[in-house]
Amino acid sequence: MHPLTILVPLILATGAHAAVLLRVPTLNHFAMQDALMSPASINAVGNTCGPTQGRCDPDVPGGGWCCSVHGYCGNNSEYCGEGCQDEFGICGVENVPQPTSTTSPSPSPTAPAAQRCGLEGDNEKCPAGQCCSHTGWCGTGKDFCSVPMNCQLGFGWCDSDVNPDGPSLSSEQRTKVGAVPYGKAITRCTKPGVIALTFDDGPSEDTAKLLDILHDKKAKATFFIPGIANGRGQIDTTKTRMETIKRMLQDGHQIGSHSWSHFDLETLTSEERKTDLTKNERAIANILNKFPTYMRPPYMKCTNETGCLTDLTALGYHIVSYSVDSSDWNHPEDFDAMKKTFDDALNQTPQNGNMLLIQHDPIHKSAIDLTKHVLDAVSQKGWKAVTVGECLEDPATNWYRTPEKSRPASMALGACMISKDGYCGTLDYFKDKLECWNSSKKCFDDAKKCMDDKKRVNKSPCQDMDDVCKQLLDHCTQCEVTTSSMTTCASCGPSIGFKTRSTANSCAMQGLTIDNPKA
């Protein structure tokens with residue numbers, strides 16, 4: 001189980017309380033506790049690399065930049081070519097930096113010398129537009145710039161420095177509602193006979209299949225999502241990730257925050273923490289038109305001593321821990337070990353007990369294989385798989401906050417304009433008046449389809465979407481633009497409620513500003 005660093009009583013799977021003081025592990029131990037900070041984040045010993053040996057370090061004897069298919073570090077095509085493991089080093093001979101260090105490969109005659117930086121490079125900063133890798137070299141690409149594993153903050157650019165499109169949510173009201181506690185780690189459910197499945201670090205390549213499994217088993221789960229981590233692109237501009245997050249909501253699952261950058265929140269200043277968390281709120285709101293009140297700190301590191309708990313409480317977050325750790329992070333390829341960990345915990349839990357289980361979305365054997373086993377096992381026990389909110393008996397209306405002004409991101413194609421009761425109403429982009437009319441027509445068609453859906457009891461989101469369609473129709477009617485030229489398109493914009501943006505040869509709808517939206 002992850003050793004918690006939040007000072008709370010340890011609650012066993014049986015529901016009994018153990019009066020123990022939880023010890024703070026070392027940073028290297030925490031590096032093993034998350035799918036995004038896997039063994040890859042720990043430098044390899046000598047010239048070996050991989051899931052157990054770690055990441056290649058070019059500065060150790062016999063080391064190199066690339067991790068070969070067989071788990072050895074080096075710098076030529078045998079190491080950097082086909083089969084190279086990019087999670088444990090750099091792949092592609094053309095991507096290998098050419099350092100000047102005598103302990104590293106010599107640069108080619110035409111290649112510029114790479115610059116040292118960061119803690120390993122006398123605290124030097126990289127040139128503008130470059131990132132400082134975790135091994136202290138300046139460069140570009142995910143091996144240098146991706147957070148939290150590869151990029152050193154403060155010595156150059158990092159992926160997490162980008163700001164999601166749209167107004168900051170830092171000034172939003174944070175009214176605390178409901179009976180679920182704030183300012184402390186939640187380690188167990190209150191509702192008997194349920195299991196709260198929770199998945200960190202998605203969406204991943206396996207999430208769509210995971211959602212299929214949950215749908216087939218009529219199970220619900222909670223997904224704690226980081227906004228921009230591990231070089232997979234930010235959630236509100238990467239179409240596949242956006243679509244997956246929208247599907248989570250539509251399928252009745254709960255979405256929680258896992259921070260923007262996935263950095264250890266205790267290593268950040270108070271201001272950096274708040275900025276990081278509100279960035280993720282903005283990105284999630286760009287997709288769903290609302291943002292979560294539930295979150296799980298990366299590595300479950302957030303204490304009073306650092307002020308982290310105070311900051312998260314001020315932001316109005318319920319801090320979700322777990323009662324049972326699947327330990328998938330400890331043996332990502334060993335399904336039998338995961339299964340034994342879960343089975344042992346379930347067997348110790350009484351029939352009227354419950355469980356709050358943590359898994360990691362990007363770990364295939366956990367997200368797919370273990371989830372199937374878990375759902376079969378709890379079904380035999382007569383339990384139900386639910387969201388964290390339901391397991392805490394918190395009404396679904398308390399799980400999210402809706403921004404006072406909502407403006408979906410300019411690149412968030414298909415962002416939910418109305419997000420309510422499992423309904424996601426979207427608008428098509430347009431770049432001229434004809435496309436505006438077409439977008440309006442499709443909007444009304446979708447709202448009518450929602451209204452005509454006999455399975456839908458609550459029709460209010462359908463009416464809310466119809467109201468949005470009318471605003472769009474007014475916009476199209478008043479807009480005089482009939483071409484997509486950059487010079488005339490802007491006149492079709494902000495003064496009538498819709499934002500537009502200019503590109504090289506066209507302008508596209510940026511989003512609808514809704515005062516006091518009904519999402």
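Each Cβ is built from the backbone N, Cα and C atoms, and glycine gets one as well.
Just so you know, TrEMBL annotations never went through curation; they're auto-generated.
From a predicted model like this one, the values you see are computed outputs, not experimental measurements.
As recorded in TrEMBL:
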{"type": "DISULFID", "residues": "Cys66-Cys80", "note": "disulfide bond"}
{"type": "DISULFID", "residues": "Cys117-Cys132", "note": "disulfide bond"}
{"type": "DISULFID", "residues": "Cys126-Cys138", "note": "disulfide bond"}
{"type": "DISULFID", "residues": "Cys131-Cys145", "note": "disulfide bond"}
{"type": "DOMAIN", "residues": "46-93", "note": "domain 'Chitin-binding type-1'"}
{"type": "DOMAIN", "residues": "114-160", "note": "domain 'Chitin-binding type-1'"}
{"type": "DOMAIN", "residues": "193-386", "note": "domain 'NodB homology'"}
{"type": "SIGNAL", "residues": "1-18", "note": "signal peptide"}
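For the disulfide-bonded residues shown (Cys80, Cys126, Cys132, Cys145), fewest C-beta neighbours within 10 angstroms: Cys145. Long-range C-beta contacts of Cys131 (disulfide bond), restricted to its own chain and to partners at least six residues apart, with a cutoff below 8 Å, comprise Cys138, Gly139, Thr140, Phe144, Cys145, Asn150, Cys151, Gly156, Trp157, Cys158.
Restricting the average to the domain 'Chitin-binding type-1' (114-160) gives a pLDDT of 93.
Each residue of the domain 'Chitin-binding type-1' (46-93) gets a DSSP state, and the totals for helix, strand and coil are 8 helix, 9 strand, 31 coil.
Neighbours of Cys138 (disulfide bond), defined as other CB atoms within 10 A of its CB across all chains, total 24.
Here the Cα atom of Cys80 (disulfide bond) is found 23 Å from that of Cys117 (disulfide bond). Rounded to a whole number, the C-alpha distance linking Cys132 (disulfide bond) with Cys126 (disulfide bond) is 6 angstrom. Cβ neighbour count for Cys66 (disulfide bond) (all protein chains, 10 Å cutoff from its Cβ): 28.
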